[in-house]
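Peer 1: Dropping a structure here in structure tokens format, bear with me for questions.
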Amino acid sequence: MQPSSPNATNYLADNIQISSANLSQTEMVVGRDSADYTAMHSINVGVGNSFLRGDTDIPQESGHSFETPSNMSFTAGQWDTESLPPVDTPDALNKAAGRIRSLLRRMDHETVAYEDMQRNLHYAARVLEAVFIDESREGCNGNCKNLNCSRHSHGRDDQQQDNNNSNRSCSLQEASPGGAGAGVTPGADNQDSIESRTKGVSQAPQTHSGPTGPPSNTSSETIAQPAPKLQPALETVRESVMEESPSKDPGDKGPPPPASTSTLTSQTTTSSSATAEPSAKAAESQAGSAGSSGSCSNPAAVHRQRRLRTPTWARSMSTNKTRLADEDDELSEVQPDAVPPEVREWLASTFTRQMATSRRKSDEKPKFRSVAHAIRAGIFVDRMYRRVSSSALTAFPPDVVRLLKNLDDWTFDVFALTEAASGQVVKYVAYELFNRYGSIHKFKIAPGILEAFLHRVEEGYCRYRNPYHNNLHAVDVMQTIHYCLCNTGLMNWLTDLEIFASLLAALLHDYEHTGTTNNFHVMSGSETALLYNDRAVLENHHASASFRLLREDEYNILSHLSREEFRELRGLVIEMVLGTDMTNHFQQMKAMRQLLTLQEATIDKQKVLSLVLHCCDISHPAKQWGVHHRWTMLLLEEFFRQGDLEKELGLPFSPLCDRNNTLVAESQICFIDFIVEPSMGVMSDMLELILAPIAPMNKSKPATLVEHETTANSTTNSAIVIPNSGITPSMDKPRDHRTEAKTTAAECLARKSVTGTTASKFNIPKPWLTCLVENKRIWKEQAVKDAEARALATAAEEAAAAAAAEAEESKPETETADGEQSEPAAEPADGAAA
């Protein structure tokens with residue numbers, strides 16, 4: 001399903017302006033650069049304010065004034081990102097924050113077009129990537145060589161004052177010595193600090209391709225002879241500036257800055273005249289300074305303009321003393337639980353690498369004044385991405401949402417789901433599970449590509465219209481492996497990539513199944529059997545067809561994986577899919593039992609996940625009776641169709657494929673006794689062995705619970721593998737029910753002797769035990785009834801055959817009697833004739 005098309009009513013205007021009346025708060029202008037954007041509402045955002053509205057995990061301050069549906073006025077064209085400033089400019093963060101904040105609020109009312117959401121999120125992500133910090137917590141003594149230091153902006157000695165004057169104006173602009181800098185108070189300087197820094201950037205062309213480049217009107221001659229007092233400060237930029245060549249006459253002036261960079265809200269302009277007048281004068285003075293920057297002969301001004309290309313939040317903004325709070329105070333505003341692990345790792349790796357190249361040797365530990373803001377931005381983008389990815393596919397039907405709440409249960413009914421989902425079960429269940437485990441976000445799967453991929457997978461499963469091996473079976477196996485990952489704790493033993501591979505393998509393990517067995521392909525000499533040399537014919541086809549589908553760009557959900565990640569995922573998926581070949585069942589069980597008997601067994605993850613998927617593939621007899629019986633009837637119907645085809649081709653019937661000669665109940669009892677129950681037992685022991693070291697020790701259970709578990713285990717016929725011992729009950733034939741209690745007691749004693757008390761052993765939930773017992777009981781009752789019915793049918797057939805035989809025997813006797821009666825009558829006639 002496609003998202004709704006963009007229209008003027010689907011969007012929320014981010015008409016937010018930040019009032020600069022309060023100097024203790026961050027000065028930002030968040031809004032559109034259009035002439036129609038005049039009537040705006042004000043909102044005061046402090047340092048600690050979050051980007052998110054209504055979030056309880058991020059502290060928020062009062063003063064927010066969000067738009068209501070009545071004042072939402074946005075056209076579809078205004079969501080374009082072409083009008084936004086470059087990602088490395090000072091106001092890029094504010095613009096991106098306003099954009100995404102508006103998107104978030106709009107999503108609370110109506111849907112937003114996916115294309116607009118994608119463009120704005122991409123812009124916000126690039127803004128975050130442009131962030132880098134060049135400060136440390138170490139204080140400045142007023143004599144450092146860093147021109148970015150706040151004390152250089154407000155120095156009190158003559159040298160510092162001259163630096164201030166040279167940084168704020170060019171040599172062609174006349175200024176009284178010592179007067180300009182001394183007359184500016186810290187408050188006034190802070191009021192126009194962002195505006196003054198924006199002036200230099202606004203002259204460069206605004207693109208999204210990265211830095212706007214250094215000023216092209218700076219002459220190399222000017223840089224060659226810097227002022228002596230600025231010589232130490234400009235050593236770091238001399239080499240890069242010398243490489244530039246003049247492209248303009250020094251007398252030319254650059255274009256005036258856009259009005260958007262100095263636009264103030266109506267609320268700001270109508271504040272107090274005493275505040276507005278100095279601001280206007282400062283803005284005028286800075287406009288003149290920026291206008292004459294093209295003819296600037298002062299190297300400090302060149303250095304200043306080069307610094308303006310650095311994002312505002314990445315430089316020192318400590319001119320306002322209220323913003324010189326400790327970094328720990330800023331970070332304390334963000335709770336650790338509010339930061340997703342992937343965002344935290346990204347922040348740590350990114351900021352650490354960039355700071356390592358910019359900090360001085362004397363710094364012992366880098367301190368980041370803007371980490372808190374970056375974390376908040378990262379949290380916001382992360383949540384927005386999750387919301388977009390979860391709403392990219394159209395909303396799930398209410399009945400589907402209700403049924404998906406039981407997705408974590410062993411008794412999940414996929415047949416009820418397919419009725420509510422109109423047959424599109426792969427689309428809803430696969431998307432739900434990928435989203436629950438975070439695979440969509442972690443591996444950057446585009447929602448549109450994921451939707452197309454799931455649609456093709458569903459088509460592949462429905463291609464041959466199989467009664468059993470169809471999209472329902474794929475979803476059933478995928479939900480079962482989800483239960484094993486989630487409820488047993490197996491997911492804690494795996495990486496994100498391995499979890500994603502497990503879900504993907506379960507989804508694709510029978511992709512494009514033909515509805516026939518491997519033996520049928522071999523016996524009939526099909527093209528698939530010839531292609532794969534009669535070995536795991538269908539399983540090889542499932543894996544090959546799946547990766548052939550993933551190779552197409554419009555269905556490739558693995559496009560953002562690295563080469564190593566793709567190789568690992570492909571190997572794991574292929575191994576798991578090939579492990580579903582039933583011809584390898586007993587060999588697989590034997591190998592795992594041998595590993596479990598070792599004292600210090602090292603079990604490969606591929607073998608573990610292959611066994612888990614294999615058990616999930618044959619697990620329907622371990623589900624509740626209603627689901628299991630329905631699956632059994634569907635599987636037998638598929639077998640019978642193969643038998644009909646074999647009859648047409650003149651091939652012998654495969655087992656259980658003859659409609660007229662199949663013992664359904666007996667076959668299911670044997671399947672449970674010899675295949676399913678031993679497999680589930682081995683899987684349980686394997687999971688308990690590998691998960692025990694990473695799971696907390698279970699507390700001592702109540703005696704009634706232990707007794708209940710012992711009773712439940714005693715009613716099963718599973719071949720239990722005892723860890724760290726060689727005791728394995730025989731699988732040659734089902735155990736006699738008369739000796740079942742004795743055998744179970746012996747197994748319990750053996751367990752206690754090897755593993756100690758029951759309370760100290762790590763146990764996983766085994767809801768299949770009761771289902772297996774119940775299903776076997778019902779099948780046995782059904783077998784008795786079937787035997788009686790067959791006996792009656794046999795008796796009836798025998799009676800009918802006897803009756804037919806008697807009828808055949810009585811018929812010749814009647815003919816003989818008639819012949820004897822006709823002979824005496826003929827004799828008198830002969831005598832009369834004589």
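Glycine residues also receive a Cβ, built from the backbone N, Cα and C atoms like all the rest.
OK, Swiss-Prot features for this one:
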{"type": "ACT_SITE", "residues": "His469", "note": "active site, proton donor"}
{"type": "BINDING", "residues": "His473, His509, Asp510, Asp617", "note": "Zn(2+) binding site"}
{"type": "COMPBIAS", "residues": "207-222", "note": "compositional bias 'Low complexity'"}
{"type": "COMPBIAS", "residues": "260-301", "note": "compositional bias 'Low complexity'"}
{"type": "COMPBIAS", "residues": "313-322", "note": "compositional bias 'Polar residues'"}
{"type": "COMPBIAS", "residues": "823-834", "note": "compositional bias 'Low complexity'"}
{"type": "DOMAIN", "residues": "392-786", "note": "domain 'PDEase'"}
{"type": "REGION", "residues": "152-338", "note": "region 'Disordered'"}
{"type": "REGION", "residues": "364-387", "note": "region 'Calmodulin-binding'"}
{"type": "REGION", "residues": "720-744", "note": "region 'Disordered'"}
{"type": "REGION", "residues": "797-834", "note": "region 'Disordered'"}
Peer 1: Can you give me the residues near the recorded Zn(2+) site, meaning same chain, not His473, His509, Asp510, Asp617 themselves, Cβ no more than 8 Å from the center of the site's Cβ atoms?
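Peer 2: Leaving out the recorded residues gives His469, Ala474, Val477, Ala506, His513, Thr580.
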Peer 1: Under 8 Å Cβ to Cβ from His473 (Zn(2+) binding site), same chain, six or more residues apart: give me those in sequence order, or none if nothing qualifies.
Peer 2: Tyr461, Asp510
Peer 1: Are there any residues in the same chain, six or more apart in sequence, whose C-beta is under 8 angstroms from the C-beta of His509 (Zn(2+) binding site), and if so which?
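Peer 2: In sequence order, the residues whose Cβ lies under 8 Å from that of His509 (Zn(2+) binding site) (at least 6 apart) are Ala474, Val477, Glu539, His542, Met576, Val577, Thr580, Leu613, Asp617.
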Peer 1: For a quick check of understanding: among the binding-site residues Asp510, Asp617, which residue's Cβ has the most other Cβ atoms within 10 Å?
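Peer 2: Result for the most crowded candidate: Asp510.
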Peer 1: Among all protein chains shown, how many Cβ atoms are found within 10 Å of the Cβ of His469 (active site, proton donor), not counting that one?
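Peer 2: Step by step: centre on the Cβ of His469 (active site, proton donor), count other Cβ atoms within 10 Å, giving 22.
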Peer 1: In this predicted model, what is the average pLDDT of the domain 'PDEase' (392-786)?
Peer 2: 86
Peer 1: Looking only at DSSP and grouping its letters into three states, which state does Asp617 (Zn(2+) binding site) belong to?
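Peer 2: In three-state terms, Asp617 (Zn(2+) binding site) counts as helix.
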Peer 1: Where does His473 (Zn(2+) binding site) sit by DSSP, helix, strand or coil?
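Peer 2: Looking at the DSSP assignment, His473 (Zn(2+) binding site) belongs to a helix.
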